[in-house]
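Listed in TrEMBL for this protein:
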- S109: active site, phosphoserine intermediate (ACT_SITE)
- D59, D337, D385, H386, H461: Zn(2+) binding site (BINDING)
- D59, H170, T172: Mg(2+) binding site (BINDING)
- 1-15: signal peptide (SIGNAL)
Amino acid sequence: MKALLVLLLTQLCSASLVPEREKDPEYWRRQAQETLRNALRLQRLNQNVAKNLILFLGDGMGVSTVTAARILKGQLQHGQGEESLLEMDKFPFVALAKTYNTNAQVPDSAGTATAYLCGVKANEGTLGVSAGVTRDRCNTTKGQEVTSILRWAKDAGKAVGIVTTTRVTHATPSAAYAHSANRDWYSDGEMPSDALEGGCKDIARQLVENIPDIEVILGGGRKYMYPKNVSDVEYPHEEKHRGTRLDRRNLVQAWQDAKPPGKVAEYVWHRRGLLALNLSRVDFLLGESLHPGVPWHQLGALGDPWPVLGCWSSCSGRLSSQGCCCLRGMVAPGPGDAGSPQNASIPLWMLAKQALHEAVELDRAIGLATRLTSTQDTLSVVTADHSHVFTFGGYTPRGNPIFGLAPMQSDVDRKPFTSILYGNGPGYKIVAGERENVSAVDFAHADYQAQSAVPLRQETHGGEDVAVFARGPMAHLLHGVHEQNYIPHAMAYAACIGSNRGHCNAAARPATPLLLPFLGLLLLLLC
């Protein structure tokens, strides 16, 4: 009787969650017909030459993350959530990208970055090199370097930029300019002696030397630019933030010194410094914060009312609007190295609430870029490098809080569970010999780690395909299921840059591509 009563109440509650208009079958028919009309209009393909290229890269943003972020966005707007639309959902062309590395079924961020930036698949842990390079083996690198779409754009005389919410030396952005047998060689202080003796360069040095005329570089990780033990400008008394370079070079100064006479090169390390600039008089901009991943929920407490990713893209857009400078970029919610101060060693991708709020911030940046550009001359692409073992389920009713409980208990241990779960990771907890009872913890807290099936100190990447959303000139080239390395080739074709330019002519001369990079999620500093 009790079970029947619970079932009846559940059915009644579920029925009450259905919006009145959705009970009318004509609502769904009209919606489908409108979608059909929009699809038919896509038969008139946009084959313009792309003046601008924008690549938004959501680090770890698998399909399940996109869906959960959509629901969160709707619920933040006081809706039920499921019916909401992300900005990327409005892009007319969608594909899937196969993310495996040449030597890994489940990929890492370095090998995938080499694919979607350089157009070549590579081994896990290696950056901007072919699969002929073995991780950690400096002596396998020479002659195996591969160039990125950022280099192709520069070779065509274009202005380019990288904006990221993680370290600028992180695997995700650094494949745009670096060639390394190990993604962790941020400075020479992280490199083994045999690599240094073999002539391999650290990633921070390559940022300054390989493509010295990148117009905009915004991100985090400034300690890799300074000599070892040099105090940090913002945290002078904290040893962990001191410089790491063994060669004693100040790469920020080297970056400024390498600029042509008469050109203005500005370096900023804080949001205030960036906002104080007259960007119409700036030719080159380098901005590096210390912390590349301040959690979303701390922004208000820190007195920063701006959506962080939106701010980054606004800054890049303002600079690109001056003279002939347009930015070709990557926007990506990056993994971040830390959660909150209370969980300083926990990557953000293990904290579902923070990760999904960051995905919503990325969505706001996409919306801003959409408003600032035209689909007639701007190809925008949104994708991910890989997914994570993040999932949500449990037969939750319509409008269930995305961070809430499933409406049922386990039929094995009789305990409740959250709808969001992980396949593996640090959320695996045994209390008194049994699975932790989540009703006894604050599962809605920003630092809550959702339960996982397998105990690991760090959650792993996922191996499934990731979505590719495209809009603008030649967006139809991104369709179906592709190898991930196809993405930059399609973008380059659209902009008439790189090697595949046989279709270009004087009447459709390629113009400056726009590059907006955001690799990491929620970076506080410069913007």
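Cβ from N, Cα, C; glycine included.
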Measure from the Cα of H386 (Zn(2+) binding site) to the Cα of every one of the recorded positions S109, H170, T172, then give the nearest.
S109
Can you tell me which recorded positions out of S109, H170, T172 are within 10 A of D385 (Zn(2+) binding site) by Cα, answering none if there aren't any?
S109, T172
Subset of recorded positions (D59, S109, H461) lying within 10 A of H170 (Mg(2+) binding site), CA to CA, in sequence order:
S109
What's the CA-CA gap between S109 (active site, phosphoserine intermediate) and T172 (Mg(2+) binding site) in angstrom, rounded?
6
Distance between T172 (Mg(2+) binding site) and D59 (Zn(2+) binding site) at the Cα atoms, whole Å?
8
Within 10 Å of the Cβ of S109 (active site, phosphoserine intermediate), how many other Cβ atoms can be counted across all chains shown?
28
Which one of these binding-site residues has the most other Cβ atoms within 10 Å of its own Cβ: H170, H386, H461?
H170
D385 (Zn(2+) binding site): tally of other CB atoms within 10 A of its CB:
31
T172 (Mg(2+) binding site) CB neighbourhood, other CB atoms within 10 A:
33
Just to be sure I understand the packing, how many Cβ atoms besides its own are within 10 Å of the Cβ of D59 (Zn(2+) binding site)?
32
